[in-house]
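**Q** Among the features that TrEMBL reports, compositional bias 'Basic and acidic residues' is placed at 34-64. Positions annotated as compositional bias 'Polar residues' by TrEMBL: 66-79. Among the features that TrEMBL reports, region 'Disordered' is placed at 26-79. Summarising the annotation, TrEMBL assigns signal peptide to 1-23.
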């Protein structure tokens, strides 16, 4: 029995020793190629960083400029997501690269930071409800027609719209409602 245990023990020692040698050999071979890959990736990342610096957006389209009109919804508000999408398209960057979006709806202005380049931009916008074309009779437009159109666009019953004012010379107007806060401004054009 002792001889059998001695033989098994010696076979076990020989087997583990050769396995340890093989394992050591594998580790040294794996480290060398990994170092070469790291060098290649750092060179590639340096090239990409240089390319990214060249792709800095044209800030003149947004900075201290009006970025356009945003149609208010039935609650007389504009979604920040819509403003962010517009800024993203004007600058040619992804929305995730824009941060610290601060919109002042009372002044129709805002501020945004392009994270990648750490550049803060200020902008303005308008929030007019676009009603489309109306027929003018004797150089005036029917307030009833305007009220119907606003009611249809916002999906609000006409009885909730009040203090409707329209200026036919400037093709602008305003309306208040118990459904939304504040005064909603709108614009229209003359049908020719």
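Including glycine, each Cβ sits where the backbone N, Cα and C put it.
Just tell me what is around each of these and how deep it sits.
**A** Among residues of the same chain six or more beyond the compositional bias 'Polar residues' (66-79), those with a C-beta under 8 A of the stretch's C-beta atoms are 86-87, 90, 103, 105, 123-130, 154-156, 177, 179-182, 184.
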**Q** Please work out the helix, strand and coil residue numbers for the compositional bias 'Polar residues' (66-79) from the DSSP assignment.
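**A** Result for the compositional bias 'Polar residues' (66-79), in helix, strand, coil order: 0 helix, 4 strand, 10 coil.
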